[in-house]
Amino acid sequence: MTYENSLSFAQQLDQIDPLRSFRDRFHIPQRNGHDLIYLCGNSLGLQPKTARAALEKELTTWQNLGVEGWFDVTEAAEQPWLGYHATCKEALAQIVGSEPAEVCPMNALTVNLHLLLASFYKPDSPSLGESTPGTKKYKILTIKGDFPSDQYALETQVKLHGYRAADAIIEIAPRPDDGLIHTTDIQLAIAEHVDSLAVIWMSGLNYYTGQVYNMAAIAETARKYRIPIGFDLAHAIGNVPLRLHEWGVDFATWCSYKYLNGGPGAVSGVFVHQKHHDQLLPRLAGWWGYREDKRFDMAPGFLPAPGADGWQVSTPNILALSLHRAAIAITAEAGIVAIRQKSEKLTGFLEFVLSPFHDIQILTPDDPNQRGCQLSLIVRKNGKALFNYLAEQGIIGDWREPDCIRLAPTPLYNTFEEVWRVGEVIGKF
């Protein structure tokens, strides 16, 4: 697409934007009566206008029915709480490219990661004798510099199994020339360490650089070598198209407070591929993962619910699920294809209006196929001052030490005019 750096051009793009009406579905933060330019959906998405009513429905059910809310309904609420989580499955399946039985909203991302690793990270015992050096499978392949919570989870998982993190975790580092990780780097690492790898865990989209990894190609390589692979989709879900079932991904988890707009600390979710549903995989179980038709028998011996539901542990937070359901309904209605089409244009326009500023280096790949909506700007001279100036001018981004400003024009509620104004404001700095 050919861009023009003018207000009229930006307004013209907004006029023909197929998703234009979706902005009105969200509360836009204001200052002094004016909308802020909120480019921080990669950290916390905005509140849907349907959120309050959705929450109040369940509060009314609680108020009027108490415990009977699990089994009965009121005029204000149409869904008993017992099967409430299942009402999110169709939308989630559409968003991540799966079958409904392969997804389940539950817990928080790192909690889910631990639960999934209990099933998919099955290392050989440290005391296991090796007939041939290097044949023990216990290592985890991951991305160097992935989000810290993932790093802590992997570190403590290998320690639980009696290994040292320095020995059991293999990290793929970005290339020094472009600061990115190439698909071939990951594929070669898988092939090199195939005899010792027990599982692969990595982000689908890098939180710092904004780079999208070729999940399909990486999953294909993992499958070729019969190594389980899982993805952290915190920055990918609701941002880029996903086809987890088709790609043969074994497992995944995500958060819902970024591009899914579920609210601070929103309900996470898991994906477990259908090929694992008939296997009695080991897991850390709880009563809500028990077969629903037998759950209240309170019998000994765990019988997992079918599909991803069998990884549930505790009673779900219905109030949080009500916000989650309201939010993902908007994403599903807009459709990830339309969201992606606008995102490529919107982020491309941001890249264009930033191009005159030579003191700003864009770390994110310039190939639209290798990025989502986020651009990570490296500003080595007066970077924090620029970030503070943008905030003073009503432009809300995200600062990451030591010199990175992350801006994420989000297709559901950001406009081309807002993106144009970012360039205008930086030009006055």
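Numbering starts at 1 and runs along the chain as displayed.
Backbone N, Cα and C define each Cβ position, glycine as well.
Note that this is a predicted model, so its numbers are computed, not measured.
Record check, TrEMBL: pyridoxal 5'-phosphate site residues include Leu109, Thr110, Phe147, Pro148, Ser149, Asp150, Asp232, His235, Tyr257, Trp287, and the candidate from Thr87, Thr183, Thr315 also listed there is Thr315. Taking a C-beta cut-off of under 8 Å and a sequence gap of six or more, Ser149 (pyridoxal 5'-phosphate binding site) has these contacts in its own chain: Leu109, Thr110. Under DSSP, Asp232 (pyridoxal 5'-phosphate binding site) is assigned to a strand (E or B) in the three-state scheme. Between the farthest pair of Cα atoms in the pyridoxal 5'-phosphate binding residues (Leu109, Thr110, Phe147, Pro148, Ser149, Asp150, Asp232, His235, Tyr257, Trp287, Thr315), the distance is 30 Å. When the alpha carbons of Asp232 (pyridoxal 5'-phosphate binding site) and Lys258 (N6-(pyridoxal phosphate)lysine) are compared, the span between them is 13 angstrom. Taking the Cβ of Asp232 (pyridoxal 5'-phosphate binding site) as centre and 10 Å as the limit, one finds 29 other Cβ atoms among all the protein chains shown.
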